[in-house]
Amino acid sequence: MIKKIGVLTSGGDAPGMNAAIRGVVRAALSEGLEVMGIYDGYLGLYEDRMVQLDRYSVSDMINRGGTFLGSARFPEFRDENIRAVAIENLKKRGIDALVVIGGDGSYMGAMRLTEMGFPCIGLPGTIDNDIKGTDYTIGFFTALSTVVEAIDRLRDTSSSHQRISVVEVMGRYCGDLTLAAAIAGGCEFVVVPEVEFSREDLVNEIKAGIAKGKKHAIVAITEHMCDVDELAHFIEKETGRETRATVLGHIQRGGSPVPYDRILASRMGAYAIELLLAGYGGRCVGIQNEQLVHHDIIDAIENMKRPFKGDWLECAKKLY
């Protein structure tokens, strides 16, 4: 029977992580459970840095960006001996189960702990929206709001100078944030990792737009696809239009979470406690068709496919 749980945030921070922690803590306390917060993700778990959390520990947290527990990259957690120390620390503290909030790397750590016999529940916390088994991740919609605001501002200056702007958006190897921002921001062109890309094809599309009378344009592109400064120089050289690159960077991860992320994080946090009390371990939580769902975390990581939002891309292209 579960009496005490641990909660940690891991990997890149995302707006809404604090709301998720709050959801876990308040739901657990309402069921008579104790909660230990673990500082700095798996690193803090390995180093046994924990704190008892009560309802006041998470007061005024639902609107705060980042994660008050902290987060850290800890690749050494791949080592089974390191994980064995982590499990020993959990058992020493009387912790019966662990809730992990983070991205795919965080899920991998939770999966490994599950394989070693320690029950974990994973909550998807990343702005990249690249987690299997869920339509949306905690932080995605806040990051989208941030990106669209930046695009709106760039459009003002691009329009004034009849300039082409290339905007690099986070997402790693997932184009969801770029696609959504392109539609919401009215971008003329979008480049995502799921679709083959060539500079020449992009330039031809831009030239076609200029021929139709476009005076300025915004190109949204997912990070890691190319050097955006070099791409901007190439576009300027081929089109004769002044072109500038903007890398939004880590500003996309910050800020107060939008209401949808607060609601999603709160629901997922409370749902994690429901699952643990129902005897589930080794699960990851998602939202599909606005319904909370859970999947076997090993199956989700190793076997599930994450569908590409091709309909979003088609929509963006129709609106160029």
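Placement of Cβ uses the backbone N, Cα and C atoms for every residue, glycine included.
Sequence annotations record features per position, and here Swiss-Prot assigns ATP binding site to GLY12, ARG73, PHE74, GLY103, ASP104, GLY105, SER106. All protein chains included, SER106 (ATP binding site) registers 27 other Cβ atoms within 10 Å of its own Cβ.
Sequence annotations record features per position, and here Swiss-Prot assigns ADP binding site to 22-26, 55-60, ARG155, 186-188, LYS212, 214-216. Counted within 10 Å of its Cβ, the other Cβ atoms near SER59 (ADP binding site) come to 10, all protein chains included. SER59 (ADP binding site) falls outside any helix or strand according to DSSP and counts as coil.
What Swiss-Prot lists as Mg(2+) binding site is ASP104. ASP104 (ATP binding site) is surrounded by 19 other CB atoms, counting those within 10 A of its CB over all protein chains shown.
Here Swiss-Prot flags THR126, ILE127, ASP128, ARG163, MET170, GLY171, ARG172, GLU223, ARG244, HIS250, ILE251, GLN252, ARG253 as substrate binding site. Residues near MET170 (substrate binding site) in space but far in sequence (CB under 8 A, at least 6 apart, same chain), listed by position: ILE127, ASP128, ALA143, LEU177, THR222, GLU223, LEU248, GLY249, GLN252, ARG253.
Under the heading active site, proton acceptor, Swiss-Prot lists ASP128, citing sequence analysis as support. Classification of ASP128 (substrate binding site) by DSSP places it in coil, neither helical nor stranded.
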Given the ATP site residues GLY12, ARG73, PHE74, GLY103, ASP104, GLY105, SER106, which other residues of that chain have a Cβ within 8 Å of the mean position of their Cβ atoms, reported in sequence order?
SER10, GLY11, GLY41, GLY102, MET108, GLY109
Most crowded position, judged by CB atoms within 10 A, among ARG172, ARG253 as binding-site residues:
ARG253
Rank aside, I only need the closest one: which of the binding-site residues ARG22, THR126, GLY186 has its C-alpha nearest to that of GLY105 (ATP binding site)?
THR126
Distance, LYS212 (ADP binding site) to GLY103 (ATP binding site) (CA atoms, angstrom):
42
Only counting partners 6 or more residues apart, tell me which same-chain residues put their Cβ under 8 Å from the Cβ of ARG73 (ATP binding site).
GLY11, GLY105
Within 10 Å of the Cβ of ILE251 (substrate binding site), how many other Cβ atoms are there?
14
